[in-house]
Amino acid sequence: MPAAQNAERAARKHPRPQTTVREPSEISCCLKYVIFGTNVLFWIFGLCILTIGIWAWSEKDTFNNLGRLTNIALDPAFVLILVGTLTFIIGFTGCVGALRENTCLLLGYAIILALLLLAEMTVGILGFVFKDWIKAQATGGFQAFIVHYREDPDQQNLIDWIQEDWLQCCGIEGPKDWDRNNYFNCSSREVGSREACGVPFSCCRRRPNEIIKNKQCGYDVRKPGYLSQGSQHIQSPSDWQIFERGCLRAGEEWMEANLIRVAITGMTVGICQVLGICFAQHLRSDIWAQKAKWH
């Protein structure tokens, strides 16, 4: 009896903890961390693009000379800053909103994706409806690139990439368009420009087994009577040396040849955005359901 009483007294002093059944959470951990992980990558990617754009502007001392920006929409560094900022905001709202289960940030994330998707669809539809207007805008932009070719290193690198690597073209309609640039205009020969009646090196075709690109390959190629091969005289650029096709026609041909790929890419991006909106809204509804259980 004393032993039983002692055991009863000990049980009263140190009662066993009651085991409670934990109710399952309404918030899907899988969905939460899918949104979080995906947007962490967007956040980092946007930060990298934004950093590159700011660095490019600082290298050109643009921040101290903002008045020199004649057409900011055609500045590659500004485009990088704009894209990087938008990507950074999308990644931030999605990442922090999912991690902290913040319904306001998730709502902002869904709204930004929806507006971006709407803008992309609008641009795509208008691009097919107003082809001539798009062509005129592209021509105007390319003309600005040609005029300011030697003034902005970013625009220079961009047009060199377009002509040499992407479309393999020269000028807008052809090599003669480089007369718009003061350095390549044939009249610049009178002021001692070595590039007069020439084209940039990016207009030149690569020769077989060429390892290092000749930066002076475009000199004098538009000069009447230019000696190209041995004793052969030509009055216009020859096929073997520079591209005769204009970038406008080359861009149209590229679009026609890659229309299916462009459409598939656009649809894939659109589907990913729709999934992002649906996931964010689903997570918001889970958070509200969980809060309702607490109250």
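Cβ from N, Cα, C; glycine included.
If you look up TrEMBL, you'll see 33-57 (among others) marked as transmembrane segment.
Positions annotated as transmembrane segment by TrEMBL: 77-99 (among others).
Among the features that TrEMBL reports, transmembrane segment is placed at 106-130 (among others). For the transmembrane segment (106-130), same-chain residues at least 6 beyond its ends with a Cβ under 8 Å from one of its own Cβ atoms are 39, 86, 89-90, 93-94, 97-98, 266, 269-270, 273-274, 276-277, 280-281, 283-284, 287.
Under a cutoff of 8 A between CB atoms, and with a sequence separation of 6+ in the same chain, the neighbours of CYS169 (disulfide bond) are ILE162, GLN163, CYS203, PHE243, ARG245, GLY246, CYS247, ARG249, ALA250, GLY251. Summarising the annotation, TrEMBL assigns disulfide bond to CYS169-CYS197 (among others).
What TrEMBL lists as disulfide bond is CYS170-CYS186 (among others). Neighbours of CYS170 (disulfide bond), defined as other CB atoms within 10 A of its CB across all chains, total 29.
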Pairwise Cα distance for CYS186 (disulfide bond)/CYS197 (disulfide bond) [Å, integer]: 4
Lowest local Cβ density (other Cβ within 10 Å) among disulfide-bonded residues: CYS186, CYS197: CYS186
